[in-house]
Structure formats: structure tokens, C-alpha cells
């Protein structure tokens, strides 16, 4: 199992820094050719990345990334939104009380948000009480407004920490980024003007638990450190390394994309912004296991080809292709020139696409230029075909040709409502829907008759009202009687003038009104 661990790390180190597995390895440096005997052929050592001259090994401790470290470092936090609930009451003349609730926003302070979060996490009843609607106050024939401020805590709110600059990333932040938590700034602004984001753990230090301490052997030549053998037994060269900080920790980014923190006496330049670190997840670990099996299979094929060469005492271009080094590093290259077996020292590099080494027809790119051929023969079984095309007799396995994108992070368990822009930015400052679910329902309510009197006062008022009602009824009846009395008298005198007649002494009937009009004297 240990050789397997040593086997795949160099290959995957170079491949993962590009996000793809290499399909081939080819020398970027090729030494002079020299003739050799058939017995000098050997299968390459794909277990280690060899470096020249560094034979002095001494134990030391270093720091590296944890196994299974993923690209997105999760930082748990919470959002805090300030909400003002306003109760407006109006009491009319007869005592009916109408209450209307309204909600608006205000920008909270970090200290108040931290206190509210601690209350919520501790189960303190003060947090739930702070969310209740205000108890409305009221006065007769007046409008009274009662307000109450509440802090809505929504947790968890998970953000991603960038290990390179310690910035925080979330769709809830303006522009998707927050510069980070510092001593002077303990919160992040959000897309919502009245909501701030704060980490669960107070303080300027953000969680960055991605490192582990390991022990290995330092490979040096005099005072110069060439590389080291990690605790898994794999040699790693410091050639081409650059300085890079992760979560504020200074370390070295190696050429294979791995990162270590170790002390060196050599001055190393800083990495350019595009130089990142290989970030492995569990999916890539599964692929690496399959790559190990494939490389072991290639090792067996190389040994079979070497055994066939020794047995038959003959060499072919196809058999020479099995002797190629499969991982980046120092090795040998073989070819046949004019029926003579030739060998050269070579330093191999990874190839991502065939266009890198075959940019045009008939060109095999080695060391940045087209490599010359001898009678149509290059090396490691690569030849020039009759049609002028470069023919490579073998490729890496189909598994190594897959262009697999590594999983970036685990799934966030909760999608914070601020991540959806449609939930915010209403017109005005009315409370948005995403906080309404965390508050009691508000509604318009109308109370019964209530003038603010005690129970005995209510009965006194009812009795007085009844007495006043009786007095009004009696007064109305009396007024009606007095109004009808003169009308009845007028009817009794004026109503007989037309119908009553008088009789004179002579017996003649004379109408009474006519006697008055004629001025006659009537004697009764």
C-alpha cells in the first residue's frame, strides 16, 4: 500500500493544478545521446520524483494541508435585521378601539445583534419576547402610536472563506464579497440595507482549520535544501517553488501544486496571483485510487516488455514506448538511430493536450521548439509517419484522459433568503417578506366598548345613561302633549260655524253666519 501512495501523488500533483489529468509525459530537457547495450535498459522509477545530488537526509517537521481539504472553507454565521413594529390605536366617541400594526426597518448595531444572537442560542426568553408585537396604548378620542424595536436573527448563514486573502464570499454580500472580519470591523454588510452578517464565533480570527503537522526528511546538498521526503515516503523537490500565504500562514507552493510550510535558507520569490494550490476533495481521492491501479498496471506492462526484449534480443519502437517515465521528474529516454540503441538523460513534464507537443504537422515540441528527427525517428517510440504526421505509439489509459472537474465544496445545508435577490429591495422601508416569517402576525383589530373605566364605573355610567334616556323620553312625551292642546281648542270653536243655525222668534231659520254678515240682530 505504501508504494501506491508514493505512486500517484507526483502525477496527480501536476495534473490537479490544471484541473485535468495528464494524457502524456514528454521531456522538456533532453541530454546528449549515447549508445548503450541492451542490458542497460530498465523500467523507470515512477515511485519518486528524483532530484540530482541531494543525498543528505535529516529529519524535520513541517506543516501541510489536511487530507480531504476542500476548496471552499465554510464559515458559519448569522444575519441580523432590525425591524420596528408600530401599533397605531384610535378610540372613537363610543369607545371602540381600532388598532393597526405596521412594520419598518432600521439598521442594527453589531453589539445589539451579538447580544440577541446569544439570547437565541441560549434559549433566553428575552429573545422571543422581543419579537412580540407592542402592547398598544390608547386614549379616548385620540390616536396613539406605540413602537417596539426587534432584531431578527437568522442562522445559520454559511459563507465561503478564501484562504488566499481571507475574504468571505456569499451571494448575500454586495458584489458577492466581504473583505473579512477584523478587529475594527466585526461584521459584513449585505445586499439588504438593514441587515448585517456576523460570524458565530466572535473575534477577528476566522476559522481556518486546514493545516496538519507532519514529519519527514529534509534532502539537502551542503547548505542548500533541494527538497524533502514527506511522511508518506514521497520525495518532493523545491525547484520552482514560490512563497504563498494560506489563511495568513506563510508557506511554499511547489511545482506540483502542493503547499507546505517549512523553514528554508534560500530566498524564494512570491507566487504570482494565478498560482494556486491544489485542493483535493473526497471525489478526487476516489479517482486517485483508480489512477494508482492504472499505474501499477503500466508498471507490469513495462516489465513484460523488458522481459520480452531480453528474451528475444530484439528491440522495437513499440517496446521502447513502455520504458517512458510516467510521472514528472528525472528519467531516461531511449531511441534507435541507424540500428543503434541510444540513451539520454531527460527531465519529464506533464502534457495536458496533444496540441502542446504536436502544434503542427511534423513538429514534436520539446523544450519549446520542434525536436529534430533522424530518418523519421524521434525517441520513446515516437516516429514520423509516411504522411508526415507525428505518430505516438501509445497514450495514457482512458482513465487518465478524462477531463474531470473537481468538486468545489460540500452542499450548503441552508440557502439563506438574502441569497435570493427577489426577497429584498421593496419600495420604501416596509419590512420584507423574508423577516415576516420570524415575527408574529400583525392584523387590524377592533375592541369592544371600552372607555378605560373600572367595572363599577361602567355600571354607574350605564345607570346614568338609562336615567338620562328616561328623562329624555318623558320630556319628549310632555312636549308632544303641550303641542297638541291648542290645536284641539281651535277645532272645537271653529268647526260649528258652518253647521249650526239659529231660529228666530218668528220661526224663520236664519244661518248664523249670514245674520252676522247682514248685520241683523238676532234674538235668542
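Each Cβ is built from the backbone N, Cα and C atoms, and glycine gets one as well.
Feature annotation from Swiss-Prot assigns signal peptide to 1-19.
As annotated by Swiss-Prot, topological domain 'Virion surface' applies to 20-459, with the evidence given as sequence analysis.
Taking the Cβ of residue 302 (disulfide bond) as reference, residues of its chain lying under 8 Å away and at least six apart in sequence are, in sequence order, 43, 44, 322, 323. What Swiss-Prot records for 43-302 (among others) is disulfide bond.
As annotated by Swiss-Prot, disulfide bond applies to 54-226 (among others), with the evidence given as similarity to another entry. The Cβ of residue 54 (disulfide bond) lies under 8 Å from the Cβ of 219, 220, 221, 226, 227, each of which sits 6+ residues away along the same chain.
Around residue 56 (N-linked glycosylation site), taking its Cβ as the centre, 14 other Cβ atoms fall within 10 Å, counting all chains. If you look up Swiss-Prot, you'll see 56 (among others) marked as N-linked glycosylation site.
According to Swiss-Prot, the feature disulfide bond maps to 80-113 (among others), an assignment based on similarity to another entry. DSSP assigns residue 113 (disulfide bond) to a helix in the three-state reduction. Cβ neighbours of residue 113 (disulfide bond) (same chain, under 8 Å, six or more residues apart in sequence): 80, 151, 153, 187, 196, 198.
Around the Cβ of residue 178 (disulfide bond), the same chain contributes 159, 167, 168, 169, 170, 188, 189, 197, each under 8 angstroms and 6 or more positions distant in sequence. For 178-188 (among others), the entry in Swiss-Prot reads disulfide bond.
Marked as disulfide bond by Swiss-Prot: 208-247 (among others).
Note on residue 223 (N-linked glycosylation site): other Cβ atoms within 10 Å of its Cβ, all shown chains, come to 7. The annotation N-linked glycosylation site is assigned in Swiss-Prot to 223 (among others).
In this structure, residue 271 (disulfide bond) belongs to neither helix nor strand by DSSP; it is coil. The disulfide bond annotation in Swiss-Prot covers 242-271 (among others) and rests on similarity to another entry.
Per Swiss-Prot, N-linked glycosylation site is recorded for 338 (among others), and the stated evidence type is similarity to another entry. Around residue 338 (N-linked glycosylation site), a 10 Å sphere centred on its CB holds 8 further CB atoms from the protein chains shown.
Look at residue 363 (disulfide bond): DSSP puts it in coil. Spatially close to residue 363 (disulfide bond) yet at least six residues away along the chain are 370, 390, judged by Cβ distances under 8 angstroms. The feature disulfide bond is assigned by Swiss-Prot to 363-370 (among others), with similarity to another entry given as support.
The transmembrane segment annotation in Swiss-Prot covers 460-480 and rests on sequence analysis.
Note: residue 480 (S-palmitoyl cysteine) has no non-local neighbours, i.e. no same-chain residues 6+ apart with C-beta under 8 A of its own C-beta. The feature S-palmitoyl cysteine is assigned by Swiss-Prot to 480.
The average pLDDT for the topological domain 'Intravirion' (481-524) in the predicted structure is 53. The topological domain 'Intravirion' annotation in Swiss-Prot covers 481-524.
Looking only at the recorded positions 56, 223, 271, 338, the one with its C-alpha closest to residue 247 (disulfide bond) is 271. In space, 242 is the closest of the recorded positions 208, 242, 338 to residue 56 (N-linked glycosylation site), judged by Cα positions. Straight-line distance linking the Cα atoms of residue 208 (disulfide bond) and residue 271 (disulfide bond), rounded to a whole number, equals 21 Å. For residue 242 (disulfide bond), the same-chain residues lying six or more positions away in sequence with a CB closer than 8 A to its CB are 252, 253, 268, 269, 270, 271, 272, 275. Each residue contributes its Cα atom, and for residue 338 (N-linked glycosylation site) and residue 223 (N-linked glycosylation site) these two points are 45 Å apart. All protein chains considered, the CB of residue 188 (disulfide bond) has 23 other CB atoms within 10 Å.
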